[in-house]
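So the structure is just underneath, and the comments pick up after that.
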Amino acid sequence: MMRILLFLATNLAVVLVASITLRLLGVEPYLNANGLNMNSLLIFCFVIGMAGSLVSLFISKWMAKMSTKAKVIEQPGNATERWLLDTVGELARDAGIKMPEVAIFPAQQSNAFATGWNKNDALVAVSAGLLERMRPEEIRAVLAHEIGHVANGDMVTLALIQGVLNTFVMFFARIVAQLVDSFLRRDDEGGGLGFFGYMAVVIVAEIVFGLVASMVVAWFSRFREYRADAAGAKLAGSGAMINALARLKAETQMPDQMPDTLTAFAITTGQTRKLMERLFASHPPLDDRIRALKESAYRE
């Protein structure tokens, strides 16, 4: 509840700042005079922007199962599945959350992810390759990392941030289009953009603003990885968490087998070396994560 209240308060503050700034700059009266109601536009963009993000959140478990072909363990069929259920249950109790669904997905790359609209209605999944190649204490650390994501409410927070950014990408893209249209109509002979011209400007502006928004989301995603690593270290031990990340680092040359829609929720996405790749990366470099744990900079 506190997260929702903080989100609403932050969103209201951003709306007020944007409204005041546009009014002080004379943009709002100018646009209103040219037929664009700022408040109505903002409400429209908020509803559409948040709806898309929240729908994605609510169907995230279903989408994750479908896209990875994950098999939920309802009744353990072997000792490994029994151990997996017991370990997740123990970690969930220690983290103060309800038992999530546990699944295994068929990928040779060592990976895992957590998703779900609620920390008490989540899904934690690990790859078959991870179970084959990692030691039990390392698997436990990876599971603790994912439980940390769930306990921290990262999926919900990320969806809310994405919804706010969706709102402002749509909002400012249409303001830009309206300004261009009004500029072309500045005299009696100007015909403006027309419908297709207006939509073309909106699309281009949404792409530009969307790239900036993606960097913001990626920054938050990287930050939450450090927090999840810290939670994993707290639940499973720093040594085990560091060893698990080191094992993942050894596999960074293996092709990434995670669907694009789940890369932000996986424990690793491979290596990113170039500056632009780092700006849009959902995960920090594994070396940085290992260093942070060793220095206890992010340990909770």
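Positions of Cβ are set from backbone N, Cα and C atoms, glycine also.
Binding of Zn(2+) is attributed by Swiss-Prot to His145, His149, and the same site annotation extends, among Glu225, Glu251, Glu277, to Glu225. Counted within 10 Å of its Cβ, the other Cβ atoms near His145 (Zn(2+) binding site) come to 29, all protein chains included. For the pair Glu146 (active site) and Glu225 (Zn(2+) binding site), the Cα-Cα distance reads 10 Å. The Cβ of Glu225 (Zn(2+) binding site) has Ser282, His283, Pro284, Arg289 as same-chain neighbours under 8 Å, each 6 or more residues away in sequence.
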